[in-house]
């Protein structure tokens, strides 16, 4: 049981990284990224490719961060000319194209069978892995809090609320978007890297568009534009999702109901929050900028 | 005095064994998501096996307990489920998953935690490397490809187009069959891996037809298979012979007239054991096999129960020994199960079939 | 050649109705409503159930489309209208959440297996050199009629003029006395009906399955966005552009150019071509291929 709790905690911490990353884009900058899972994928495939070429985890981390930065720049470049809805769909399309490439280029990515056998960073020591994931989460939290409390953070919120005003005040909107994407790419890529080494396997099935939806649910339930909220949302959803099997055992549900329960929990939970508490568990604090 | 001591010890031992002896088996299969059809069929096989085992009095004097978890077709959910089964339900063995991308991480976890892992749905050759307590109840790619290639070439077809889904199963099948066909001197003109879940496959089919092969070798399932068979029929492409790898799986959802005349191979479900299983399935679910995967679920659970009975224990280490011993020739519903040194099923008997007006006909 | 043209029309018809539904709804309710593709799943399922209890197919289909239209109006009034106050991205993710709930309900009531309407399969006939089946013709006829009817309503009736006026400038329309809420209800109803019909036409030619909706999301969005969201008839052109690219990409033999017998674009990249076109088109025509209006952020 203790191992199970550790595992749930590790996944929750890793999801927290993804949620923090999306929260900076969506919550603070108003960038509706529907291809978030691709940023994760860049980190995960960076780790996997480096491994398959015989390099160590450190090289994998660097490769993952390089790939994720490249992708973040592509997303930001698209954002220069597109309205929000269109940009969301464009990011979704790019994520799907990348998943198609990962599925088809067997010589590079192992195709649909993926790349397996990556080493765990701490052997199979769960507490060590958890400590690493938690440290990454804490560091990301502190850095992003610093970022959003700075002058830059203020500009980013202005980009969300009044882009025309921001432009008229002389802010470089394209530059702001680019920096937001680059900064938020790092935790997502880091998450991909840690995840790849934790489950020891990377494959295209981890990159379905529906995964992006789970990250969205975390951020929206936790609270847009609130770092603690994003982390709380990630933790809450992981705990709920991990407890579905127990609910099934306790209630004696059949398989169709279990599958439906999973859908109802995420879909219904999200919808309830959107309708009844759109600010999320922890709302954005107005005027929380020091600079 | 002495005899009573022995008796007492014996009783103590007996109650101790009885308390620990219950065989609890977990399963992690995709009951929702893109592979739900196959996952549901895997569950059906296990369910029939469970009923048979427990109707016959169970194992070790107790009914076998089976806990089925939904993987949702996602690695994180599958890992959550596997960890729950191991650390909370204390299962001795876990059966699953369906797609190689999920089987590999959960298999690695199970081996590392010292539990038995039975693969019943993934044919990636990488399953072989999972480790000491992992077994495959279905033959990996190499086994089925070899059989199908030989059968295809025996029909006199020389120029082949291979069609399969663009997933771990399809990619593995296509590359395996291509290799074996080329060894036997046939030419593979093209390999078409279709994206699942489309509203039409006419583009794929027409591209394939332009090459004018002697035969199409294909493997597909679910609504994709039904749609493709229908569109091939409507486009007249079914005039060229179609050879199905797992004919029952490829044609289960299709309208009969669209698939009459197809050649194919399938698991030996009309053997002495398989026949009974097929009847049990038909009786319980009112249809013939939906996919070819239920049989492996059935065999896996039966095999585990037999191993527990043989070992007289549900301890993973003892189960492993018993599985290796049984794996020298176990008569399952999918034919004789023989494990090689790497605990993978090394051979598997197949049927050669043709689709007639009234169903499958042996060739 | 005629086979190619026929395939092109067939493929366009696959997504056109649902894409038009999405785009039409967007013209007044400004967010891309993902639930639209789930309306396209509910429609055929309802038809199937109604036909099973003994209704004639056309009657079952008519009842099902009206029911889906009403559902769309109800959902819009109770859910999406509220979500839209928090922004279009929020409303969009909310519509996906609604879709998940739809899938959950269908999973429990209908199960994960494919079904098909109880029509006898007709052998293909030769029509100007193309192989065509009766069901395909029915499906095409039904979609064309629905599209034509919608276009007629949009351009030649008062309610259509009100819709276009409200879409172009809601404030101005209100000022001239147009009942904006009524217009929104009408177009939402129409979008539900069109989406349900699109799903029915699709499953006439193939299967119906609870994954139809999720599988339609990307092609339908690609078509609607290429045509310009909010420009319903543009969505038909968007669907045609995608169909054309896919048909050409799939069936052009590049082999002779390079001295080989056969060389095709691998079919596993065909799906990705439409996304690539979408991204490229958005780079150069940020608001779709068929939109002239200029909008700035």
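Backbone N, Cα and C atoms are what each Cβ position is placed from, and that goes for glycine too.
The feature transmembrane segment is assigned by TrEMBL to A:29-51 (among others).
Listed by sequence, the residues of this chain that lie at least six past the ends of the transmembrane segment (A:58-78) yet keep a Cβ under 8 A from its Cβ atoms are 33, 35, 38-39, 42-51, 87, 90-91, 94, 98, 174, 177-178, 180-182, 184-186, 188-190, 192-193, 196-197. Annotated transmembrane segment per TrEMBL: A:58-78 (among others), in sequence order.
Taken from TrEMBL, the feature transmembrane segment covers A:126-144 (among others).
What TrEMBL lists as transmembrane segment is A:180-201 (among others). Among residues of the same chain six or more beyond the transmembrane segment (A:180-201), those with a C-beta under 8 A of the stretch's C-beta atoms are 10, 14-15, 17-18, 20-22, 24-25, 28-29, 31, 36, 39-48, 57, 60-61, 64-65, 67-69, 71-73, 75-76, 79, 114-121, 129, 132-133, 136, 140, 144, 147, 156, 159.
The transmembrane segment annotation in TrEMBL covers A:213-237 (among others). With a cut-off of 8 Å between Cβ atoms, the residues of this chain six or more beyond the transmembrane segment (A:213-237) that come close are 12, 15-16, 18-20, 22-23, 26-28, 36-37, 137, 141, 144-145, 148, 157, 266, 269-270, 273-274, 279-285.
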Below 8 angstroms Cβ to Cβ, which residues of this chain, lying six or more residues outside the transmembrane segment (A:126-144), approach it?
3, 6-7, 9-10, 13-14, 16-17, 20-21, 23-24, 120, 183, 186-187, 190-191, 194, 198, 227-228, 231
